Each structure stands twice: as structure tokens, then as C-alpha cells.
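Let me begin by presenting the structure, written as C-alpha cells, before commenting on it.
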């Protein structure tokens, strides 16, 4: 019975955390808050308004003048504290699930560090820029590696993302192109692994998460294709980077692999109703939203829907994603306020 | 009681505050604590209000105070609490305060940065000292050759894979440094992976924990030595060390140089120590000056901030240069408020008085109870269940007795109760001391907050404990038991337990035990059965009386608010329902106690079964034997089987018709409570809508008529 209906016993292990998370979720800023935030004249105003929301006194101990980077750090810190609390309280399989969420940050950190080292930046300058959710012990020693094989053998072999790296070892050296390839290969392996993990969990988690991850995979496939135009990346190599767990797999990915320009990508998207809308609504002109923003909006919608269903892990993933989007929004508004560049202040993506 | 029975009568007032006197007036009102301000600009953003810059200044001051407070705590300095309550300072004093805080903060920061630099220096030197000491030991143990040989042997073997490498040709270099202990395993593993096993690490723990220069926390660290071969590996090892935030120290190769260096380091450490002490003393002096004042400062800043928050709720009247506040005030406190306003105006030196003006409103006023230190706890308990609406009957005065009493009914032990009473009494007597020191102990402060209730509960427990005759779960024989076993010694020896029939063994001359339960029950085997039955019946009686009290109080409410509909559709049906079922049960309990004696134990009705049968409508009547005269239901010692009398048969005359009537009555009350009121309300609403609909229709007709008149050409 326990295997057939995981919902029955969900609350025994994870009920508390789900409740806690739903409480956190109700602290996400609403449209009203954003309307107030965009009216701010200075960052101090922003701080004052955030004080009346769930953020409370998170900036109270910062001496003025405030800077955007301080706000960014504090926002991240708040998310990390919440996440760590959840992680510390949880039991299997939720703990593995939460670890999976951190892997994507680890990948981002590794890429950031390699790119930084490639540009001769000292490691001490790079470390603070890494996302704290994805930090790991060996991270700071990453600069001893000069080839992917070394990177794997010396640094990453003990980390949980080592298996994802196996496909990249064959790359000869670390240059910009290869770093991009490594990033996308890692992400591909990660998404596919996470996808299969969620499918194994089954139940409502699989339903919600597979959908979300499929969307993420497809988004990456589209973005990779679009960004590859005009670079040295061959079509075969490109096709190897597509994550194969989305709705596009297999037919759409074959078509994408053959695409030569933006219009052809668009034609592929036309086959899939939900992607067609995104491409249709996007543009680069003034007043239009970029494709990236459209994807973000769609993601926010997905994540919001995830909260409609109970007894599943999708909400944890959704919360982190929504919170990340919220941080992006606040930082966007803060940047606009700080630089007195109010023309585009409204292009944040509202959540609730 | 009078004040607590209903909440205070409230009044909506408008206060016109002269802008120069507003601050002082609000400060006075705040000290009085009898006014609830209404937010008159709820739609205005926090950062768009009038006094936002003052509030920001307050927040900046609070931040500085928090910083100073943290520093004081870090040094373990006690903050004296003299129970002071300074008034909010005048607005112009704010600048002085700001300057003072600024000065202390910057001084502290300067001292801290100096101290941090010194401590970092100190830490580095200590680490270097440890490195030198440990390496000395390493090399001394093995001899310079010994350890290098070891390393060479390990490395050469590993690298050569069995091939012979001439030992002398390998030039080994080494670095020494210090690393946090928890990083050692990962460090070692990474060194191994990154250099393919071509390095040799030796590490040893530093005995005493070191101090982190920034936070002052203790950290455990390890000294390590890495041996490697060649420049390339050296660069790599250095990079790894950098990545793991290990600090490398220069370590001379020869022993004599090491000893020399060790001596130099030691003397420098001593010098540094004296400098560090001086900095510490300076820091202490800076903190001392803040120590005494910090609590009043915190209170002052909080008050200033609160005043500006309140002023932000007011409307600003530009033409009269005054602020208009709306607030709820208790009618009984109007005079005090007036005098507070006057005082505030005087303080500020304003010539125009602030005017308080009572307003008429249809809004429901807030509930306000004037409580004292005794009644507060009880009011809090009641509020936890729900706060009474304005002028509703407040159950708190009854709870003062009923709460401790019902607790005691459950607790019921005069030994334990007395201990509890003493604990409560101690808290009451020492309350000044206990309440003034804001203790961090959450549990203790909870007990102190409920000290009066604990005392009362203890007292009542002594009372119920005496009734139950329970002292530390034992009985006490105070008045002498009314039971005297008349078995002789030989009979008693045969068995361990004997039944005592009240007819034979109960001494009627002295009567029953004068107060509470007879102590003989302590030694009986059916003590639990007996006391359970007694306590269960008592609980039913108390429970029903409490419910009855609640229902009666609701009548007081309905009468006060003149709601006849509620009286007829809520109160009366509730009362009838309660009395027909549970009131009847209580009556049965008393009937059983009064009319069933030791003479007819078999007849005594089992009330639980009887009550269930009442709902099932099943009755077993007693049988009138042929030539039987006398009362069938009287408690006489006739053979029970002859009249079919058991504990479950009918036990008083007309029991069946009475009970059936009661059940039907009670059941009838359910739909009355459920349905009548909504339908009456609906009918009333419809009637009102009909009138308005009628009006609408008429207006429409007229409008149509008018329109057609206009349209038609004359």
C-alpha cells in the first residue's frame, strides 16, 4: 500500500517541511509590492518598503549607503538560510531531491570559476561571486586544473556531479568555446539524471517535476541552438548538447539540429503549441519582451501551478525557482533605482 | 468586577495637534497608554509618508545601538537594568544622540580594526611558532635525513613503480603551513589526486585552539609539511594551498636557523601581547562609557521611532498647520487624556492648545479591558480563545474562579496542591524581583507570568484534595472512619480480602465521614471504581453547570443588545436542549444519591445505561407481583427478582413518558436552532429588498416617462 499510494504516508516524513515551505511561499512578494517598489526614489526607500514585507529586517544591520550588491548578497543569504533549514530537517528521498537542486548551482559555480581563471582573475575575487547554494569544499582549488581531464581527476572526482563530467573529459583544453560546451554537457547530463530520479520517485512528484524539467530541457535546447548561430560549433556537436528529456525529444531535437537560422528554430517551435506562443509573443524591439523573458514568465507560471498539488516535492523546486526569480526582480528594480534609469524599470516578471 | 464584566465604553475622537506641539503631545499620550490611533493614510507607502526621514534616522541609530550592544555582549559585559523608563527626548536632542552614537561607533570600529590587525598578526606569529616547533620535532624525530628518506622512499617507490631511483639524485623541496583541522582530509585527498601521489604530506594538530581574528571564535588548526620534487609540483602545491586557504610559512632548512627564527618569533609575540593588552584596555574604556547608558538609549530611540510612526498615521492640515489624528479612547479616561494633551502642549511651549473633539461613528469600537496584575492572566487566557466584541459580556471574571477550580477538580491532591500553592506564593511575594529582570528563560517567564493563577490553582487543589481525601495519593484519617469491621480475628485470618456490607459494618451512630471521602476507601480493593464513579458524577454536574452559565451569559448579551430574535431562536432552544438532556442527567445523579441506600444495592440504577436507553427508547418495566402492596419503586429490602428490579429497569414512576417527552423536546430544538433564525433574517432582508426594488422600479418608470417625453416632439 505504501508503494502504491505515496500520498497516503507523505505527511509522515515530509508534511512538516511542506507546510513550512508553503508558509515561506506566502512570503513571496505580490504585484502590489512591486508596484510600491518601482515607486522608490532611492535604495533606502526600497529597504523601507521591503521591511514591511516578509523580508522584515534583513537589511537592518547594513550601514548606509546601501549598494545593490549588498542587497543581492542579503537576498541570497536569506534564500540559502531557508534552504539549508529545509535541507537539515529533511529525510530521504527529499534530501536527495534537495541535493539535486543544488547541483545546478554547483555547475554554474564551476563554470564561473573556470571562465574567471581563463581570464586571469585571482581566485579570491571569484569565490564571493559564486552562488552559496552551490559551494563545495574543493571549489577553491579549481584553478590547479588546466584541462578538463585534470579538472575531473583532481577536483571533481569526489563531488556528486562527477558522473556528469565524464562526457567532457575528451575535450582538449579549456578555452571559451569548450567551457560553453562543458557547461551545456554538464547541464544535459544533470537534467537527464534529475529527470530520471523524479520519474523513479513516481506519484505526484514525477508528474509535476517531469513537466518542469522537460520545460527546462526544451528551453536549453532552444537557447543553445539560437546562441550557436555564427559560432564555430558544428551541427553534430550541437546536437550532442541537447538534453533528451523534454517534449522536443526526439523529433523536435532532430529538427533543431538541422536549423540554420532563427526562423527555422521558430518553425520547430510552431509544431509545439505551448512554445509557439512564446516565440510569437517575443521580439527584440522596444516594448516587446525578449524570448528569454518569455521563457522566464512561462517558468514562473509552471512553478506557480506546482503549488496547486499537494504531497509532492515539486513545490520545493518551484519555491527555489520562484525565489530566484524574485531576487532577480528585486535586483533589477534596485539597479534601475540606483542608476536612475527608470525607463525599463517595469520589465520585472511578477509572480503572484 | 464592574470594569471587567463588560469592556470599557469607547469613543472615537479627533485630535487637532499643533504641528510644533504634536511630538510632545503624542509622547505624553504614549506614556499614558490609553489611546489607539487610527491609520488615516493606509494607502500611502511606508517611504512616502511625512516623517520618513526621521524614522530612517531612528533606524540608523538603532543599527548603531545594536552594534554597540553586540560588542558589549561579545566582551561579556553586563548591561545594568535599573528599571528606568526615560521619557522620549525632545526632537532636537535627537541630533545629540546621533552624534554620541556616531562617536562611539566610529571609535569602536577603529579600535576593532586595530585589534583585528593586531590579532591577525598575533595569529600569524603563533602559527609560525607552531610550525617551527612542529617541524623541529618532525626533523628531530627522524633526523633531517630520516624524514626526507622516508618521503623519498615513499615517492620514489610510487613513481618508479619498482624501478630503482638513486636516492641522492632526487632533490626534495618542502613547504610548511597551517590549515583548519576539518579541511585536512579533503586537502590530503586533493593533493594526492592532483599530483598523482607525487607529494608526501605530514600533518600534526596544534594543541591549543587558536582564535579567529574577526569573530574571536576558537578554531582548531593543523600544521602540515608537504614534500615534493621539482618546481612544477611546487607551483601546484602552492595553488592547492591557496585554494584551501592554508597559510604557508617560511621554514628554514637547517635546524640552527629554525631555532634562531623561533627565538625571534617568541620575542615579537611577547611585544605584540603587550600591545594587544593595551588595545583591549582602550576598547574596554570605550565600552564602559556606553555600558551604563545603553539601555535608556535603546528605550529612548524606540520611543522616538514610535512617536514618528504614530505621527505618520495623522492627516496634515496645511491651512491650519496642524496634524489631525483620529483615535479610540475609553470614555472614562477622557480627562486624563485631556490633561496629557495640555501637559504636552505646555512642554513644547506652544501657545495654541491641542483640541480633543468627540466624534459620532457607526464603526464598532475596539474592545478594551482595564486589567490589573491579578486579572491580566485570566483575561489573556480568555483572549486566547477569542476576544469579546465591544461591550459583550466578558467571561474572564468567572474564569478567575472556574479555571483554577476545574484544574483542581482534575488535580485533586492536597499534598501536591500545597507545594504548588507555596511555589505560586513565592513567585507572588518576590514578583518585583522576578518581573523586573527580563529573564531569557522562556519557561520560567511563563510561570512567573502565571504566578497568580498557579497560586489559585494550588489553593483550590488543597480544597478538592481534602474532598477526595488524597495527600500525595494517600488518604488521611482525620475525623475517624465511619466503618468498623465486625469480623473477628479468626475470620479475618482466613482470607486476605473481605466484603464489608454497609448494613453490618457501617457505624450509623457517628454518621458518615464529616468532610470528603472516608479514608477507609484507601485500603479497599475497589477504591478506583468508587472514586471514579464519584468523580465522574461530580464532573458531569460541574460541566453542565458551566455550560448553563455560558448559555445564561448569552442571554445577558442578547438582552443588552436588544436582540429578541436571538433570545427566542438561540437562547431558549439552547437552554431547553441543555436542560432536557444534561440537566435531566444531573437531576438523575442527585436522585440516585438521595434515594438509593445500602438497603437496596441491587436496585440502584446504572445511570450510563439508563441514559443510553433513554435515547434508544427501550424500557424494561418492573413487574407488580400478585399480592403486592406498597411502593414498587421504594428502596425496601424485598427480593429484587420478584419485581424484576435490576440496575437497568425503570426506577421511578412515569419514567417512560417523562423521558420520551424530554427527548422529543430536545430533538425539536435542533431544527429550531438551525432553521428559524436564517429564515427570519431572509424574510426581513427580502422585505427590505422589495422596498428598494419597488423604489427602483418607480424611479425607472419615471425616468422612462421623462425620456419618452423628451424624445417625443411636442
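Residue numbers in this text run from 1 along the chain shown.
Glycine residues also receive a Cβ, built from the backbone N, Cα and C atoms like all the rest.
Whatever TrEMBL says is automated annotation, not expert-curated.
Quick caveat, the model's predicted, so the values are computed rather than measured.
Sequence annotations record features per position, and here TrEMBL assigns coiled coil to B:94-135.
TrEMBL lists B:405-429 (among others) with the feature transmembrane segment.
TrEMBL lists B:449-468 (among others) with the feature transmembrane segment. Beyond its flanks by at least six residues, the transmembrane segment (B:449-468) meets 373-374, 377-378, 381, 400, 403-405, 407-409, 411-425, 427-428, 431, 434, 515-517, 531, 535 of its own chain at Cβ-Cβ distances under 8 Å.
The transmembrane segment annotation in TrEMBL covers B:540-560 (among others).
Feature annotation from TrEMBL assigns transmembrane segment to B:572-591 (among others).
Taken from TrEMBL, the feature transmembrane segment covers B:658-680 (among others).
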Remote residues contacting the transmembrane segment (B:658-680) - C-beta distance under 8 A, at least 6 residues beyond either end: 565-566, 569-570, 573-574, 576-577, 580-581, 584, 614-615, 617
Mean of the pLDDT scores, which run from 0 to 100, over the coiled coil (B:94-135): 87
Beyond the flanks of the transmembrane segment (B:540-560) by 6 or more, those residues with Cβ under 8 Å of it: 6, 391-393, 395, 398, 402, 406, 409, 566-567, 570-571, 574-575, 578-579, 582-583, 585-586, 589
Spatial neighbours of the coiled coil (B:94-135) far in sequence, C-beta under 8 Å, 6+ residues away: 54, 57, 60-61, 64-65, 67-68, 71, 176-178, 204, 206, 210-211, 213-214, 221, 223, 225, 247, 249, 251, 258, 261-262, 265-266, 268-269, 272-273, 275-276, 279-280, 282-283, 286-287, 289-290, 297, 300-301, 304
